[in-house]
Structures are given as C-alpha cells and as structure tokens.
Amino acid sequence: MTDTLPTVSRRGLMLVMSSPSGAGKTTISRALLERDPAIGMSVSATTRAPRPGEVDGKDYHFVTVEKFHEMVEKREFLEHARVFDNFYGTPRGPVDEILRSGRDVLFDIDWQGTQQMAQNARADLVSVFVLPPSVEELERRLRGRAQDSDEVVRKRMAKAGDEMSHWPEYDYIVVNIDLDKSIAAVQAILAAERLKRERQVGLPDFVTQLRGGE
C-alpha cells in the first residue's frame, strides 16, 4: 500500500427552500447563510433594469431580453420564469462551477421552479418545503409583518393552499413551529446530504487503496 491515499473531495449540492409566504423559509435561509460558510445564495439572471445599488454578477446577472431568450434556447437555465413584464432564471454554468468546487448553492424558489430543477439536475438537488404549524398561525405571521394590506394578506392566504398542495414533490418537510429547531433541522439535512457516497468524489479509489489496491 502506498503512503499517500487518493484525495476524497465533495461535490456541492443545490438546496431548494420553498414555502407559502409567511411560513419562514426566508428567515431560515438567512440563518443558514450567516452560519454556514460552505453555502451561498444563487444569483439569478434577469431582464429587468438594475435598481440603485445593485451590482451585476452579485445581486443579479442583468441581461437583455434577446440574450435571455438565447440562453433559454441553448438550455442554459436550470429554471426560468416570467414574472409580470420581466424574465428571471438561474444560469446553469455558474452553479455547476460552484458545485464542482465543493460548495453548496441555496435557492429560494417556488414549486414550479423546483419542478424544473428536478428535471434538469435531479442528482444535485435537495429540496425542502417549509410548512406553518397551522393556517391561523400563517395568517398571524403575515399580519405581524405589518407590511401588507388586508387585500394582499388575503391573496397570499388564498395562494398558500395551492402552494402547500405540492409538498409531496419535496425530499424533506419541515413544520416551522419553533424557528431555532427548524433551522437546526435544515442544518441536519445538509449535514447528512453532504455525506452521501455519490457526492464523495474520489471515494472508490480511496477505498481501493485502503484495501491494498485490490
């Protein structure tokens, strides 16, 4: 057996967080980004104009409508959608580069985007759906934010039912009763998924060397 064993590295993963508005996915996502240096937020491409202070390549990849359609035709997006008069999408290239480096990418997207990503990159995808403990609590949280009108809250509540119907399409479900416990649950999911053998690059050669080169 040689003194030097082959290096085992890890391929990164794509962590998708989805939930109805007010269930807590954004708060959980922010906590993950603050506490875990091995994961970063995905950067979307968009056709909308940059807002004051936004930096191209950091906040968004700003592209023309023509360029966006060209990228769609070339299948360069993991997922894409039209939102009102603008287009948004997740470029495949930058994400693949991050995954190869062993870092993870966090996505805050809805069930439709998750379906597209499952079709385009299932092996790298880990999806988590965050549920509220009750409909009453969901409405209380929405109203507690004090940033939406009664009409907007009603629309969000009406949309929540459809969004929650897609829970069986996700790998993991977290019922957000206690925020700290929910954050810990997602951290545990990440820890386990990172150790899956299919994400360990170089593992077969490593084990072969351990067994004496058989």
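Sequential numbering from 1, following the chain as shown.
Note: Cβ is positioned from N, Cα and C throughout, glycine not excepted.
Listed in Swiss-Prot:
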DOMAIN    12-191  domain 'Guanylate kinase-like'
BINDING   Ser19, Pro20, Ser21, Gly22, Ala23, Gly24, Lys25, Thr26  ATP binding site
Neighbour count (Cβ, 10 Å) for Gly22 (ATP binding site):
23
Excluding Ser19, Pro20, Ser21, Gly22, Ala23, Gly24, Lys25, Thr26, please set out which residues of the same chain place their CB within 8 Å of the center of the CB atoms of the ATP site, keeping sequence order.
Val130, Pro132, Asn176
Other Cβ atoms within 10 Å is the metric here; tell me which of the binding-site residues Ser19, Thr26 scores highest.
Ser19
So how many other Cβ atoms are close to Pro20 (ATP binding site), meaning within 10 Å of its Cβ?
23
Output, ordered by sequence, the same-chain residues six or more apart from Ala23 (ATP binding site) with a CB under 8 Å from its CB, or 'none'.
Val130, Leu131, Pro132, Leu138, Arg141, Asn176
Cβ neighbour count within 10 Å of Lys25 (ATP binding site):
23
Could you tell me the mean pLDDT over the domain 'Guanylate kinase-like' (12-191), as a whole number?
95
Tell me which residues of the chain lie with their Cβ under 8 angstroms from that of Gly24 (ATP binding site), as long as they are six or more apart in sequence?
Val130, Pro132, Arg141, Asn176, Leu179, Ser182
Would you mind listing, in sequence order, the residues at least six apart from Ser21 (ATP binding site) in the same chain with a Cβ closer than 8 Å to its Cβ?
Leu142, Arg156, Lys159, Ala160
